[in-house]
């Protein structure tokens with residue numbers, strides 16, 4: 001069902017007309033049918049919300065998820081409200097049965113997982129005891145060789161049982177916590193990181209124009225975070241940025257490009273003025289003056305350059321390299337969270353099932369910080385303001401606080417940065433790259449059970465060729481030589497920006513003593 005309903009927005013704007021769409025058990029809303037291509041402004045799951053009819057206003061109905069979401073709606077007439085109530089109630093009833101079955105299966109799997117975890121702890125204790133016994137036998141010498149053989153056999157048997165139980169834990173976890181639970185995009189909404197594949201061409205454009213169109217981050221009226229951007233425009237924008245790093249093959253025609261903080265581009269020729277900032281036309285005239293060893297036409301950087309192949313990192317909706325720090329190195333909250341969302345799909349390319357726990361942890365922490373942000377967007381414009389607010393309120397160390405969520409979020413981002421750095425530096429073994437990154441970042445914060453789960457996940461890591469192929473926008477691009485150069489170029493932009501912002505957060509947490517040695 002679809003149609004126009006009035007939604008209460010705030011005390012300033014009051015009731016505003018919105019176009020609602022009920023499909024697949026999800027009620028989503030848009031500014032208008034014509035703006036549906038931009039993606040929904042908000043949505044609510046009918047299976048988990050309460051439908052309340054207003055006691056006085058016979059055109060009003062409220063959809064509520066206690067403590068999370070509140071949709072206050074009004075129809076244009078009593079009859080229209082009745083039609084919506086029937087449709088919403090039917091959708092909720094149809095979903096309840098299947099939801100109950102899924103919850104039952106989820107509970108059973110959770111209980112089985114707890115049982116297996118208890119067995120793991122038991123086997124761990126046995127391993128410790130048997131290792132101590134082995135040490136004693138080894139220290140005593142080889143007087144009784146049979147006893148040494150028996151101890152070794154018993155230790156091997158316990159190790160095999162431990163590994164088998166750990167694998168069963170992973171199988172149960174994979175069955176119960178699939179990656180499909182992480183994102184539920186409302187019908188009609190564009191996917192976050194899906195771009196149309198098209199052959200890249202070099203556009204002839206005025207280079208003095210701004211190369212970056214601001215990405216509009218629309219925080220939904222009900223608190224969800226979404227990114228709105230036109231796919232073709234965004235791909236074109238990223239292509240322009242990438243093209244600035246091409247070099248002309250003509251002799252003595254080296255033209256370098258770099259982005260200013262305001263998004264404009266400065267082109268440097270051989271005869272640049274000392275201030276280094278002139279427009280393209282003046283440089284072309286300088287390069288063409290008599291006395292130069294060679295003459296380049298303005299079009300030469302485009303005509304003679306090699307093919308530019310877009311990668312996952314050059315076509316991200318929002319990137320850490322796009323973020324401009326505010327006053328006192330303030331990290332803008334909305335842009336940072338959107339950049340975090342944009343990098344999460346890297347885990348899907350490593351393995352959507354085995355890395356689901358890591359992905360769920362990252363997404364969960366992003367949502368916790370966002371929930372704090374939307375409570376007061378005017379005040380919490382930077383991450384530092386959120387942390388300092390909780391420090392002053394003495395809730396920074398409270399479990400599930402935004403400060404704690406940001407702590408684990410930056411740890412997860414450090415792991416991803418470490419892994420991508422290994423790949424950029426030429427590591428061809430994905431398992432080795434992951435293991436090195438894990439050892440430098442997350443391992444010290446994990447107990448033996450989580451370390452074992454990660455070790456098991458490493459065994460399912462893809463090959464280098466498969467991982468690189470997953471980072472392409474157009475199938476088969478990874479086989480081209482220009483793709484490797486493109487990856488190096490994009491990561492050289494992306495990783496330093498990411499590292500700079502993580503370093504700022506590290507300093508903030510160190511100053512206020514917010515780092516934790518807690519092991520999970």
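Quick reminder: no glycine exception, Cβ is built from N, Cα and C everywhere.
Here's what Swiss-Prot has on this protein:
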- 255-268: compositional bias 'Polar residues' (COMPBIAS)
- 270-287: compositional bias 'Basic and acidic residues' (COMPBIAS)
- 1-93: domain 'PH' (DOMAIN)
- 139: phosphothreonine (MOD_RES)
- 145: phosphoserine (MOD_RES)
- 153: phosphothreonine (MOD_RES)
- 255-303: region 'Disordered' (REGION)
Limited to the domain 'PH' (1-93), I'd like the whole-number average of pLDDT.
86
Through the lens of DSSP with three states only, how would you label residue 153 (phosphothreonine)?
helix
In the domain 'PH' (1-93), how many residues does DSSP put in helix, strand and coil?
25 helix, 44 strand, 24 coil
